[in-house]
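Asks: Please find one structure pasted underneath; my questions will follow.
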Amino acid sequence: MGEVVQMHFTTVDYVIFALLLVASAGIGLFYAFSGGRQRTTQEFLMADRSMSCLPVSLSLLATFQSAVAILGAPSEVYTFGTEYWFLGCSYFLGLLIPAHVFIPVFYRLRLSSAYEYLELRFNKTVRICGTATFIFQMVIYMGVVLYAPALALNAVTGFDLWGAVLAMGLVCTLYTALGGLKAVMWTDVFQTVVMFAGQLAVIVVGTSQAGGIAEVWRKAINGSRISGLDLNPNPLERHTFWTLGVGGVFLMLALYGVNQAQVQRYLSSRTEKEAVMSCYVVFPCQQVVLCLGCLMGLVMFARYGEDSPLDKGYVTTNDQMVLYFVMDVFRDLPGLPGLFVACLFSGALSTISSAFNSLATVTMEDLIKPHFPNMTEGKATLLSKGLALGYGLVCLAMAYIASIMGSMLQAAFSIFGMVGGPLLGLFCLGMFFPWANPTGAVVGLVSGLVMAFWIGIGSFVMRMSVPTPAPALNATALPLFDNITTTVMTTTAKPGMDSRALYSLSYMWYSAHNSATVVVVGLIVSLLTGPMKEKELTPGTVYPVLGTLLFFLPDRYREKLCCITPLAQKVNSYFHLFPLLFVFQYLCFQ
């Protein structure tokens with residue numbers, strides 16, 4: 001094994017990287033001193049509910065596309081082939097259901113925090129439980145998102161590790177705390193453009209050096225990297241069509257349906273129609289992003305074949321391989337490595353700024369305002385800015401903790417991913433099952449979290465204790481799917497290897513499994529402790545799926561199931577669009 005090879009930035013690279021940070025900070029300062037100057041909480045946290053479809057959709061995409069995904073997807077395709085591309089099949093339902101189920105309910109209730117819904121539907125205790133779970137999830141993840149690209153950059157280029165962490169953390173904190181949600185969303189738009197430019201530059205130059213796209217494809221086929229449709233239904237298989245295309249739907253719902261960072265963007269739209277349209281605009285953009293990641297992986301394979309930089313010892317982990325490849329491809333093209341690193345850090349900045357803003361919002365709306373109802377608008381806005389600043393400093397502290405965690409870094413990612421599923425289950429319980437009560441919601445959420453940690457930590461411990469037989473399976477397994485809900489727990493153990501098969505569950509099924517646990521336990525407990533009556537429900541908080549599905553039952557039975565309800569009028573206009581959607585939800589949540 002050779003020593004880790006380091007390549008170095010030129011002055012032009014440093015200038016391009018610095019320009020990204022300056023431009024991002026500049027957009028934040030512009031919104032701090034223009035318009036309403038962020039003097040109200042509505043402007044600071046919700047952008048005055050005045051955003052159009054384009055910035056909302058690109059901001060949704062940027063929040064999804066983290067630095068970890070930019071590093072992870074190509075190395076996944078390089079190592080295992082293009083099976084990962086089938087994740088794109090999950091985007092269809094994963095965006096359609098939020099657009100026509102979650103957005104209408106949230107938007108019509110005029111919420112600021114997604115967790116306000118939980119109080120309207122259940123009670124204050126459920127709202128606080130949901131908020132605390134979300135804060136725990138995001139705080140852990142922020143430090144890792146900040147630290148991971150800086151570590152990869154440091155290992156490959158010698159770029160100062162803590163210099164990169166501090167530069168990113170402070171710039172991000174500055175424009176989020178000063179410019180509010182408008183600044184976050186418009187910097188996301190700018191950063192999305194930079195991400196596309198960086199990835200395209202690598203693919204174009206890399207393909208040209210490899211001898212053209214036909215040659216890249218030929219080498220990929222000869223190296224068995226072009227995967228067919230794997231219809232193996234075994235949930236223990238890491239990636240198949242079912243784990244990616246169906247399990248991925250639940251990951252997408254946890255991200256695009258109920259995650260505060262995304263819900264806040266929908267709620268900042270000028271109209272409900274524009275919020276729905278933003279989901280439709282994100283769909284083709286996500287497919288493009290996925291194809292770019294897969295293409296980069298194939299170009300990497302065309303360059304290195306089976307003899308990867310990891311095997312040669314030029315880098316120490318999979319997540320450093322993409323950066324090594326970029327520096328290698330752009331060796332004689334000064335400025336382009338800087339562009340790709342700017343692309344990488346754009347992903348991190350968009351993720352972290354979204355996290356700061358959404359954390360400030362839920363802390364303000366769910367934990368502070370209910371206790372201080374008479375707080376003046378000026379004080380509330382100042383406190384919101386202080387919260388965004390405070391979470392920025394917490395993020396830097398978490399990056400330091402991530403640096404000393406070593407192999408526990410994977411565990412931190414896993415803990416993050418395991419929390420998204422139970423939260424999705426909690427919202428589904430409230431929205432689709434009218435008789436679910438607050439006791440069922442709390443017990444269901446706790447059961448889902450216990451199940452998530454049991455499987456996740458058990459899987460992690462098992463993988464640490466079992467030697468991996470083949471280098472190809474020794475994946476450091478970045479969270480390849482997204483930056484808010486995906487776990488990195490991948491299954492390196494062979495199915496049936498021992499009785500602990502549950503620990504070998506593919507990480508793509510975690511969200512589905514954990515959300516189903518919340519729904520099933522929540523319904524059982526609700527029925528045992530006295531289901532909610534129709535008159536106890538807040539109008540507009542239930543999406544009347546069951547009323548439509550069970551149309552064949554006599555009225556008296558439907559009434560007992562809370563299916564005959566004036567709530568149906570709230571979202572009735574959507575029924576004709578989705579007969580298949582209701583069948584899908586019925587199969588998933590019964």
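Glycine is no exception: its Cβ is also placed from the backbone N, Cα and C atoms.
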Asks: May I ask you to indicate which of 193-214, 567-588 is given in TrEMBL as transmembrane segment?
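Replies: In TrEMBL, the transmembrane segment feature sits at 193-214.
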Asks: Could you pull out which residues elsewhere in the chain have a CB under 8 Å from any CB of the transmembrane segment (193-214), counting only those six or more residues past its ends?
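Replies: Tertiary neighbours of the transmembrane segment (193-214) are 20, 62, 65, 70, 288, 292-293, 295-296, 299-300, 302-303, 325-326, 329-330, 333, 336, 339-344, 346-347.
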Asks: Determine which recorded stretch among 53-72, 128-149, 161-181, 239-258, 339-362 has the most C-beta pairs below 8 angstroms with the transmembrane segment (84-107).
Replies: 239-258
Asks: Looking at the stretches 53-72, 279-302, 339-362, 382-405, which one shares the most CB pairs under 8 Å with the transmembrane segment (161-181)?
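Replies: Out of the listed stretches, 382-405 contacts the transmembrane segment (161-181) most.
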